[in-house]
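J.: The motif 'Bipartite nuclear localization signal' annotation in Swiss-Prot covers 3-20, 202-251. The motif 'Nuclear localization signal' feature in Swiss-Prot is assigned to 41-55; the stated evidence is sequence analysis. Summarising the annotation, Swiss-Prot assigns motif 'Nuclear export signal' to 102-123 and lists sequence analysis as the type of evidence. Summarising the annotation, Swiss-Prot assigns zinc finger to 69-86.
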Amino acid sequence: MSKRPGDIIISTPVSKVRRRLNFDSPYSSRAAVPIVQGTNKRRSWTYRPMYRKPRIYRMYRSPDVPRGCEGPCKVQSYEQRDDIKHTGIVRCVSDVTRGSGITHRVGKRFCVKSIYFLGKVWMDENIKKQNHTNQVMFFLVRDRRPYGNSPMDFGQVFNMFDNEPSTATVKNDLRDRFQVMRKFHATVIGGPSGMKEQALVKRFFKINSHVTLFIFIQEAAKYENHTENALLLYMACTHASNPVYATMKIRIYFYDSISN
């Protein structure tokens with residue numbers, strides 16, 4: 001049986017032990033002696049340098065700077081505390097002020113490469129004493145054609161069965177305008193036993209969304225100034241009578257477009 005040049009077989013007449021020293025990638029060719037791997041193959045290459053990874057990881061690595069953009073990577077943070085109800089609320093997370101700083105956009109076009117949600121969902125003293133389970137649904141939505149002074153409400157965008165946010169889907173006549181890019185949830189539990197009065201939210205998503213705002217707006221960064229691809233965060237809780245609070249820090253990482 002043919003063996004690779006990186007394989008060394010050690011055989012002694014007493015112990016009859018066959019060992020392989022594998023210096024090559026497990027994806028290059030089939031092994032002569034089976035390998036017992038205790039970890040996932042995909043995770044085994046995570047902490048290795050790029051030149052020691054298989055060819056598939058070197059060829060299809062995503063670029064650091066999105067196509068059509070230029071560095072440096074800029075950061076915009078939003079700190080907010082919201083009262084999340086069963087009917088839902090909405091926040092615009094692509095408001096970036098125009099300027100020359102590391103947190104400003106240069107022109108009217110920029111690309112949001114990734115977004116980071118950090119914070120917690122919690123209940124007040126009166127609500128956490130009641131026996132109930134409440135889940136907060138988060139929808140990161142892209143509005144391709146923003147219109148009006150404020151975003152559309154949760155009930156105007158999503159179609160729900162029996163007004164339940166866990167069954168929310170974008171309405172059929174709005175599917176070409178609103179796109180759900182990411183969806184996640186957090187759970188809190190109230191009651192004397194098994195209480196979970198707060199839940200941490202820590203999510204990082206790569207989205208690569210190109211946002212366009214009006215060019216003549218010098219400082220204001222609002223939803224009404226968007227012309228293309230506004231990023232909206234819709235939030236709603238599943239319990240009808242017990243609202244929850246969300247203390248969030250939302251951070252977007254974006255690049256300026258070269259067509260500004």
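Placed from the backbone N, Cα and C atoms, the Cβ positions cover glycine too.
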J.: Can you tell me which parts of the same chain pack against the zinc finger (69-86), counting only residues 6+ beyond its ends and a CB-CB cutoff under 8 A?
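T.: Apart from its flanks, the zinc finger (69-86) reaches 93, 95-96, 102-105, 110-111, 113, 121, 136, 163, 165, 235-241, 243-258.
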J.: Please spell out the DSSP helix, strand and coil residue counts for the motif 'Nuclear export signal' (102-123).
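T.: Once the DSSP states are binned, the motif 'Nuclear export signal' (102-123) shows 0 helix, 15 strand, 7 coil.
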